[in-house]
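> Got these off Swiss-Prot a minute ago, pasting:
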type: DISULFID; residues: C25-C42; note: disulfide bond
type: DISULFID; residues: C28-C49; note: disulfide bond
type: DISULFID; residues: C39-C54; note: disulfide bond
type: DISULFID; residues: C43-C56; note: disulfide bond
type: SIGNAL; residues: 1-24; note: signal peptide
Amino acid sequence: MKFLYGIVFIALFLTVMFATQTDGCGPCFTTDANMARKCRECCGGNGKCFGPQCLCNRE
């Protein structure tokens, strides 16, 4: 059982680490018509809304 808790802890830890490595752009709301533009500007011209998340391409 401790092994299972360890796996869950590692998965949660990696998820939090991945989330904190993003550039800190806010979520994409479908109610805002300018959300795609705001996401691009936040990411320095390389952002794209993917579902509720603004993802920055690191090129």
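Quick reminder: no glycine exception, Cβ is built from N, Cα and C everywhere.
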> Cα within 10 Å of C49 (disulfide bond) is the criterion; apply it to the disulfide-bonded residues C39, C42, C43, C56 and give the hits in sequence order.
C39, C56
> Distance check, please: Cα of C54 (disulfide bond) against Cα of C43 (disulfide bond), rounded to an integer number of angstrom.
8
> For C25 (disulfide bond), name the DSSP secondary structure in the helix/strand/coil scheme.
coil
> Pull out the disulfide-bonded residues from the set C25, C28, C39, C42 whose C-alpha sits within 10 Å of the C-alpha of C56 (disulfide bond).
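Within 10 Å Cα-Cα: C25, C39, C42.
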> Could you find out if DSSP has C39 (disulfide bond) as helix, strand or coil?
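It is helical.
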> So which one is it: of the disulfide-bonded residues C39, C42, C43, which has the fewest other Cβ atoms within 10 Å?
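Selected from the disulfide-bonded residues C39, C42, C43 on minimum Cβ neighbours within 10 Å: C42.
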> Which whole-number value in Å describes the distance between the Cα atoms of C28 (disulfide bond) and C39 (disulfide bond)?
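A Cα-Cα distance of 7 Å.
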> Counting only other Cβ atoms and using a 10 Å cut-off, which of the disulfide-bonded residues C25, C54 scores lowest?
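The disulfide-bonded residues C25, C54 were compared, and C25 has the fewest Cβ atoms within 10 Å.
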> Under a three-state reading of DSSP, tell me whether C49 (disulfide bond) is helix, strand or coil.
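Going by the DSSP assignment, C49 (disulfide bond) falls within a strand, counted as strand.
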> Which whole-number value in Å describes the distance between the Cα atoms of C25 (disulfide bond) and C43 (disulfide bond)?
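Between the alpha carbons of C25 (disulfide bond) and C43 (disulfide bond) there are 7 Å.
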